[in-house]
Amino acid sequence: MSGSLIPGMPFVPTLYGMGQRALRCLDPEKAHRLTISALQMGLFPRASQTEDPRLTQEVLGLTFKNPIGMAAGFDKNAEVASQLIEMGFGFTEVGTVTPRPQPGNDQPRLFRSEKERAVINRMGFNNEGHLAALERLRGSCPGVVGVNIGANKDSTDRVADYVKGIERLTDVAGYFTVNISSPNTPGLRDLQSPEALGELLGALNAARRPSEATGRVPPLLIKLAPDIEHAALPEIVSVARRGGIDGIVVTNTTLSRDGLRDEAFAAEPGGLSGRPLFARSTKFLAELYLLTEGKLPLIGVGGIDSGAKAVEKIEAGASLIQLYTGMVFEGPALLGEIKSAILKRLDEGPQKRLQALVGVSATDWADRLPL
């Protein structure tokens, strides 16, 4: 976003403005840390105080001023949730947070490709732990803040780790996302199997019951990988619905390197995000929308780097969407572009409400050839 100025500091360009290209010349992790610091110092473009009411909707029992969220992985330690809402996001998801702090995998562990407009990461849930996130989230925030919970790499009881996340963070979470799909913690994706998922959800629901007395029970979502075999989806969805989940985040990063042209980049181990993930994640989203008969809210993530792709994701079945890699390459201007594209699509009719767009092209997307 070029030309954005800080209120009260009319001659100081933000790092998100003139410095955006410079940031991409830095080591990816250093650039990320600088971005977090810039947000903490108030060096970011603010969105208008008012949103077009057509962008506002009720999902998961919560009010979202617009459907655009910052995906987990950006604000791992809940340092800039309020700033992201002020920038123009309708919600943000912090984490992944684990019970105990952990350093994650060895560096280098984050790689970007301008050619592919993509990122590969093998971060390994580096974060400061539950208590640090809890302390930072105690204050008020002007929007919905979800908490993405995970298990420590050296955990001997991963189910217990997720239960601790529910027990410790319920008072500050707008909703919970249970991350069982990161490819960077060995064995974590095994929790997506129907038997393991059923056990996990049973334990999480037991942990939620004490909160029912207070009337504050944050919605519970699971985040799935785009690499799950198509034939396994119906049983996973059945187990998830019986387990009382409130929604699904679709999808995490992929291990696939299909179609990549940047060979050196493709050779890096880790999860791939960005433009190459769009078709795979959107087809997966559409299949889930049809399997759940449109009755379970889905958050669409993966490869959204334009207004047109955001609209496609919604029409494939997403009630809400999340960005991360698209912001790396496009900057905050992407937020305004997406909002404008959604409103333009609504103006074209016949749908005049955002919720009426959800899933209108799900069948077309689901019928596309496997990726």
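Each Cβ is built from the backbone N, Cα and C atoms, and glycine gets one as well.
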Which of Thr50, Thr251 belongs with Ala72, Gly73, Phe74, Asp75, Lys76, Thr96, Asn148, Asn179, Lys223, Gly274, Gly303, Tyr324, Thr325 in the FMN site listed by TrEMBL: Thr251
Rounded inter-Cα distance in Å - Phe74 (FMN binding site), Asn179 (substrate binding site): 15
Additional residues around substrate, ordered along the sequence, whose Cβ is within 8 Å of the centroid of Lys76, Asn121, Arg122, Met123, Gly124, Phe125, Asn179, Asn184, Asn252, Thr253: Gly73, Thr96, Gly104, Ser182, Pro183, Thr185, Gly270, Gly271
Residue, out of the binding-site residues Gly124, Gly274, whose Cβ gathers the largest set of other Cβ atoms within 10 Å: Gly274
Distance [Cα-Cα, Å, rounded] between Ser182 (active site, nucleophile) and Asn252 (substrate binding site): 7
Separation of alpha carbons, Lys76 (FMN binding site) and Asn252 (substrate binding site) (Å): 15
Tyr324 (FMN binding site) versus Arg122 (substrate binding site) - Cα distance in angstrom: 15
Among Lys76, Asn121, Arg122, Met123, Gly124, Phe125, Asn179, Asn184, Asn252, Thr253, the record's substrate binders - longest CA distance, Å: 16
